[in-house]
């Protein structure tokens with residue numbers, strides 16, 4: 001098996017879907033390793049726009065088989081709704097090319113209710129979750145009381161475990177705006193439909209062990225990783241290279257490329273430290289020109305300059321072999337472009353490649369910037385590297401040097417599927 005892994009290098013929303021879509025055209029198998037329907041990205045294919053959340057974007061390729069892996073959490077109503085939406089838009093046969101690991105966990109409506117209650121209790125220190133129930137679902141998984149997808153098929157086991165979860169949360173929160181009987185009734189119907197999609201993951205993957213092109217689609221990003229991100233303002237899964245390997249039982253020697261997706265500036269949704277965030281006209285311009293609204297939540301994304309401290313840290317953990325720089329065209333109309341190159345910590349220490357583990361400390365760092373000249377010309381839809389303005393190429397090559405020579409092999413120049421430069 002030859003495996004390529006696509007990972008977000010910042011706080012998500014980097015544009016991973018487009019490179020995944022492009023690579024999926026040659027892939028036999030495309031896998032999601034972690035996360036749930038809290039993830040979200042958009043792919044423009046022909047004259048149609050597809051929004052993906054829990055489903056792998058390899059579904060756009062008619063020859064690619066897709067797997068939702070063991071590290072994910074699956075909201076079953078969203079799975080069927082998203083699948084129906086894709087088929088209505090013309091992705092015929094998508095339902096025949098998607099499978100779910102029996103070891104993935106079930107994200108319930110109960111979890112969404114609890115998510116809202118937990119956020120409310122945090123008050124001013126809330127995490128800023130998507131409200132989709134992802135955190136409570138992973139919490140139940142870690143506490144060994146969660147429900148796996150394979151257990152949906154055993155009605156008695158599913159009912160016993162769901163009633164136990166309901167009772168436990170009622171003991172903690174009191175009365176809930178949740179009806180366990182309604183959810184049990186819904187799953188009585190889903191049980192009839194789910195059987196063909198559920199697979200023993202290891203046996204399933206063994207069928208593809210000789211495939212030269214397997215693609216792993218990361219969700220969220222390194223700075224939202226449960227261990228390495230800006231804890232506690234993170235998601236509840238392992239979003240980096242290690243998480244992908246664990247969730248899909250990957251042989252390390254089979255990995256042929258790890259692709260880090262880097263937005264040409266930085267965005268973040270939700271609460272938490274964001275050192276290079278811009279509370280000024282530059283931030284507003286990045287937000288409006290980049291149309292920075294979350295696919296899943298619709299929330300306005302926070303915007304700032306490219307932060308190379310974050311990128312170096314991400315590179316050190318995920319070991320990228322190549323980079324995809326996205327949304328270069330959003331910077332077309334800036335006279336000058338700033339890049340964060342170092343942090344000055346509250347004690348005066350300067351760091352270029354590490355992120356303080358303490359979120360309170362990270363909130364207080366000062367960013368050291370370099371200023372690069374803008375290019376003030378249109379890069380939208382450019383297909384060849386040599387056709388980019390000189391200063392745009394200088395910006396890309398500066399990033400390569402600062403990230404230890406990892407090549408920027410792909411450059412996004414617009415929202416369309418083919419608005420991408422592929423460098424040799």
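Counting begins at 1 with the first residue displayed.
Every residue gets a Cβ built from N, Cα and C, even glycine.
Just one of 47, 220 is listed by Swiss-Prot for the same IMP site as 13, 14, 15, 16, 38, 39, 40, 41, 130, 144, 235, 299, and that one is 220. In this structure the alpha carbons, written CA, of residue 301 (substrate binding site) and residue 13 (active site, proton acceptor) are 9 Å apart. Among the recorded positions 40, 41, 298, 300, 413, the ones whose Cα is located within 10 Å of the Cα of residue 13 (active site, proton acceptor) are 40, 41. Straight-line distance linking the Cα atoms of residue 38 (IMP binding site) and residue 300 (substrate binding site), rounded to a whole number, equals 15 Å. Note: the CA-CA distance between residue 42 (GTP binding site) and residue 299 (IMP binding site) rounds to 15 Å.
Annotation for the binding-site residues 12, 15, 40, 298: lowest Cβ count within 10 Å of the residue's own Cβ, 298. When the Cα of residue 12 (GTP binding site) is compared against those of the recorded positions 41, 220, 298, 299, 300, the shortest separation belongs to 220. The Cβ neighbour count for residue 41 (active site, proton donor), using a 10 Å radius and every protein chain shown, is 23.
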